[in-house]
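Worksheet for the structure shown next.
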Amino acid sequence: MTAAKIPVAAVVGPTATGKTELGIQLCQRLGGEIVSCDSMQVYRGLPIGTAQPTAEELAAAPHHLIGFLDVEQPFSVSDYVDAAGQVIREISGRGKLPILVGGTGLYARSLLRGFSFEERGRDDALRQRLFQEAEEQGTEALYQRLEQLDPKAAEEIHPHNVKRVIRALEYIQLCGEPFSAQAERSHSAQSPYQYVMLCLGYENRETLYRRIDARVDKMLEQGLLPEAQAFYSRCQQAGSIPTAAQAIGYKELFPYFRGEVSLEEAVEAIKRESRRYAKRQITWFKREEQVEFLPIDAFPSRQALLEDAVSLLGKWGVWKGGNACEQ
């Protein structure tokens, strides 16, 4: 007998579109709990640069997988799928609706489609050597190697995502097959969830970019600079660069702390990289299958947006009347 699928609502989309706001509104309207879907918000001590929910937002609705890891602790997509899956089952067991909120497309896709991950093809020593090569030769050199060995995997991995580039090369060398081969096997899994992605965005791309620039300015007002400086000092003392240092906002400020660029140049780099990241997020979610797009500037109010979101959850069988739908 096939197990019943767990209903899950997912609020996704590019940065600076108000995903947390809609997630909280859905929680309050439908009796839900938020599960973060952000690869950087899992780290503690970096609330501003990773745009973690504020104290007021955390008090407005239950949140999970926010600031629970030390910055030195590695956290893979496989780790996320395991952790989020456990939280979702617990939320559903309490009779609440799990509401996924975030913009990390790989995490959302892997979790909601029920991807499985093989643990073979891991070697700490090899991985460390590859990271050393990345520092000495640059990530681009490793990415070019991946393009030669596994073009299909290279298409799915951003050239600057050093962690995933190295993971792919590690797997290829140890297992003797393309990294994309194991990805295809994992994709054949059946999803344990009844879900739909509600993707926020703007019909006018310039509106989104202005919001991103304003958000960066606000982060600086909130204290991004001292937060990043403390993080930089911690990295210097540890003698290593953790994954969290790759987050936009920190990696652009580190050269400023080293005296290589001016603060103005660093801030402009943060805004530029944030806009580029938003563009990649939009492209990613356009490739999803179970997704509904909600252009914010097409609605007369956030309340109208909320009503449409609730209606779409009903359309996809995630919510019916006063209950999360049972399949």
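The backbone N, Cα and C atoms fix where each Cβ goes, glycine too.
Sequence annotations record features per position, and here TrEMBL assigns ATP binding site to Gly13, Pro14, Thr15, Ala16, Thr17, Gly18, Lys19, Thr20. A C-beta separation below 8 Å, combined with a sequence spacing of at least six in one chain, links Gly18 (ATP binding site) to Leu200, Ile296, Arg302.
Positions annotated as substrate binding site by TrEMBL: Thr15, Ala16, Thr17, Gly18, Lys19, Thr20.
Outside the region 'Interaction with substrate tRNA' (38-41), and at least 6 residues removed from its termini, the chain residues within Cβ reach (under 8 Å) are 49-52, 65-67, 75, 80, 102-104, 106-107, 244, 247. Look at TrEMBL and you will find 38-41 tagged as region 'Interaction with substrate tRNA'.
Taking a C-beta cut-off of under 8 angstroms and a sequence separation of 6 or more, Thr104 (site 'Interaction with substrate tRNA') has the following same-chain neighbours: Cys37, Asp38, Ser39. The feature site 'Interaction with substrate tRNA' is assigned by TrEMBL to Thr104 (among others).
What TrEMBL lists as site 'Interaction with substrate tRNA' is Arg127 (among others). Neighbours of Arg127 (site 'Interaction with substrate tRNA'), defined as other CB atoms within 10 A of its CB across all chains, total 16.
The Cβ of Thr20 (ATP binding site) has Ile34, Pro53, Glu57, Val101 as same-chain neighbours under 8 Å, each 6 or more residues away in sequence. Annotation: Gly13 carries the greatest number of neighbouring Cβ atoms among the binding-site residues Gly13, Pro14, Ala16, Lys19 [cut-off 10 Å, Cβ to Cβ].
Least packed by the Cβ count within 10 Å, out of the binding-site residues Thr15, Thr17, is Thr15. Across the region 'Interaction with substrate tRNA' (38-41), the model assigns an average pLDDT of 96.
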